[in-house]
Amino acid sequence: MSRKLFASILIGALLGIGAPPSAHAGADDVVDSSKSFVMENFSSYHGTKPGYVDSIQKGIQKPKSGTQGNYDDDWKGFYSTDNKYDAAGYSVDNENPLSGKAGGVVKVTYPGLTKVLALKVDNAETIKKELGLSLTEPLMEQVGTEEFIKRFGDGASRVVLSLPFAEGSSSVEYINNWEQAKALSVELEINFETRGKRGQDAMYEYMAQACAGNRVRRSVGSSLSCINLDWDVIRDKTKTKIESLKEHGPIKNKMSESPNKTVSEEKAKQYLEEFHQTALEHPELSELKTVTGTNPVFAGANYAAWAVNVAQVIDSETADNLEKTTAALSILPGIGSVMGIADGAVHHNTEEIVAQSIALSSLMVAQAIPLVGELVDIGFAAYNFVESIINLFQVVHNSYNRPAYSPGHKTQPFLHDGYAVSWNTVEDSIIRTGFQGESGHDIKITAENTPLPIAGVLLPTIPGKLDVNKSKTHISVNGRKIRMRCRAIDGDVTFCRPKSPVYVGNGVHANLHVAFHRSSSEKIHSNEISSDSIGVLGYQKTVDHTKVNSKLSLFFEIKS
């Protein structure tokens, strides 16, 4: 859900909090006393944008421009949450989502006593009315006044408003008055900026640890979280909608007006914005139109800019798979951070919102491609984009749904940094030489408790004698095969990374299949190979002030 929508929700809740001391009945209508509390050294988490990770650690300051936390004047404030993974979802710059960059997450703490006032409703006017507040002054500004704190603070130094992301959700969002927020101490939790254009990749890995990348939790009940969405149904719905949209008279006419050739970005965006406006009038996009009308980020201009950017990346010969993934998942209309496509879905009809969003996004990208690159078949391009998006979501999240795959290893697992790795069989730990051909070696990987990421694997090679078969090396998560991208990083080492995020733990296992190719029957001696181990890389950690990936080494034998 967007900050603006959160603001509305918080306003409704506040109305119940601000009732005069003599009007507790009204306050009870908007304040949830069972979830309100006073706490010493109250802490929460905040996601910060690229370029601000260092400055925010110096203290919280109200921005001089921009939304200042929310589009709605009543809800302008400093936002934080009790869930650090949810906070990470706000670390991407919405103005430049295709940069691949992300900011970070900080932990913020108030000194002394803080009253957390939990709200029930989302209408600012109602909240102010029920709490006996001024109807003309912004809600969050009144929350920071001495009068408000005296009436509702229960002896605390400040009042922070809270609101659940959705009915049944355990996550909570906090709204802090800007002046009060200056008292917050700031501690860095995680920094994605150090990864440069791979920052969003690191952010996705971090968020998926708790499946919190599904910002849909902010707007719908937990029963409709990303884990439980039926992607097969969404795929069918999306394709049906695309066919209906394509054949709709006004949309068909608008498509015929397309320049259908390479044009300037300005002309491409102008056409796509008009296409967006026309498409939203179709009944198949009625739910999405409602969301668009309440959330500025869904405006046609943003959709158009997003579609052009995605089309440019897809058309680029130099863009690697990660860059294309970043483009597809950029936090803009239609597609968001892992589950951002449903961001702002307030009608508890998430599946429909997702289908409508993907349908419109796919059509707009298909329309944009010939404007910035090659001419393509609109239907084919749209369907291909649908499959790419759905497949990516399934790869990230389906591992948490699929039945556990446990091949039964015959060697003792190596435990380190929360991971457990082992050769699947004793034979897998032996690299035999003296013949030409292929050999495969399986490694079982899991985590002891919390889901942890698999960043890749380092494989020793001998050019011309022992090479990695890149097309056959892959990783399977609970039986689902995921291809890997391999490249030589040194003359005798090859690094392979999954083409999609991979996590293990809590019943989710991975099987890494390493394939070697020998083009010569010449024997290999131990002193010819740079390392007698295969290194599995996990999460990033800091050692002696240097960031490194957790590494688990499995030793092998070379035999003739």
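Backbone N, Cα and C atoms are what each Cβ position is placed from, and that goes for glycine too.
Quick look at what Swiss-Prot lists:
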- 1-25: signal peptide (SIGNAL)
- His46, Tyr90: NAD(+) binding site (BINDING)
- Glu173: active site (ACT_SITE)
- Cys211-Cys226: disulfide bond (DISULFID)
- Cys486-Cys496: disulfide bond (DISULFID)
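The two recorded residues, Glu173 (active site) and Cys486 (disulfide bond), have Cα atoms 41 Å apart.
Neighbour density for Cys496 (disulfide bond): within 10 A of its CB lie 22 other CB atoms from the protein chains shown.
In this structure, the C-alpha atom of Tyr90 (NAD(+) binding site) lies 30 angstrom from that of Cys496 (disulfide bond).
In this structure, the CA atom of Cys486 (disulfide bond) is 36 Å away from the CA atom of His46 (NAD(+) binding site).
Each of the recorded positions His46, Tyr90, Glu173, Cys486 was scored by the other Cβ atoms within 10 Å of its Cβ; the lowest score goes to Cys486.
For Cys496 (disulfide bond) paired with His46 (NAD(+) binding site), the C-alpha to C-alpha distance reads 33 Å.
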